[in-house]
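Asks: Before we start, here is the structure in question, set down as structure tokens.
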């Protein structure tokens, strides 16, 4: 037990620094790869833009550099506000009700595409207050939707167990079906809709789907923003629902991955405890998980293999009960 406590203390002492090193290293890896992939394209685009700028001034000598620069800046600012030139007219529509509703969704879900933002003082103040109360509301709703999805999966697994008398296979089967269904509904099929309505490639649509549902929200691809296309009235509303349910599903998947990582770490610690108990018992005892489950005074912890000091003591008690004739008092 002393060795197991020392192991646990060492894990707590070095766990956070090791995690920080891995975190910074992962960020450094991402930065290096992205720089190698994207920097050459950035340089080419900058050279191309500069060449077009000088060609325009050379071909139209009546233009002056400062005046052209002001025109370009005005066009960029208007585009950020959702206004584009179409011949002798301008296009509006980003701040109609459907566009405003989609902006509200992107605000409280913390996606924050960045392609559209309030330009008035009153609009910015309202956006702060709206997000202040909307973000917690969104988290509560996502949690409820996620719990509902999880409950549906558990009920299906229980039903299959009753009908086919599958105990271990039912849960795995239902979780696999839920994962595949979610992949189809939220990641694999939506790019087909985006290809039809936005003119994107499948890869671009899949990229937009993941960046949106993971709330990264770069803003390089945003639905309903092409002034050359006509969008149906239901389009942004359906995408808003897709975002809501898709975020809940992806949160469950991410949570499952986190649980798998944590359980693998806890299982290694559990094995260490088992070996320590075997050493105290003189090497005669067997480290059997079933004994741990049956004789444990805290069945819930045993069933979930949620390990801690209480679980270790629980296993020691179970082990002493099983080996009380040969095991010394711990």
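Backbone N, Cα and C define each Cβ position, glycine as well.
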Asks: When TrEMBL marks a stretch as transmembrane segment, which of 57-79, 149-171, 172-194 is it?
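Replies: From TrEMBL, the annotated transmembrane segment range turns out to be 172-194.
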Asks: Taking 97-114, 277-294 as the choices, which stretch does TrEMBL tie to transmembrane segment?
Replies: 97-114
Asks: Is it true that the transmembrane segment (97-114) and the transmembrane segment (14-37) have 3 or more CB pairs under 8 Å, sequence gap of 6 or more?
Replies: no
Asks: Across the domain 'Potassium channel' (183-261), what does the mean pLDDT come to, as a whole number?
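Replies: PLDDT averaged over the stretch: 89.
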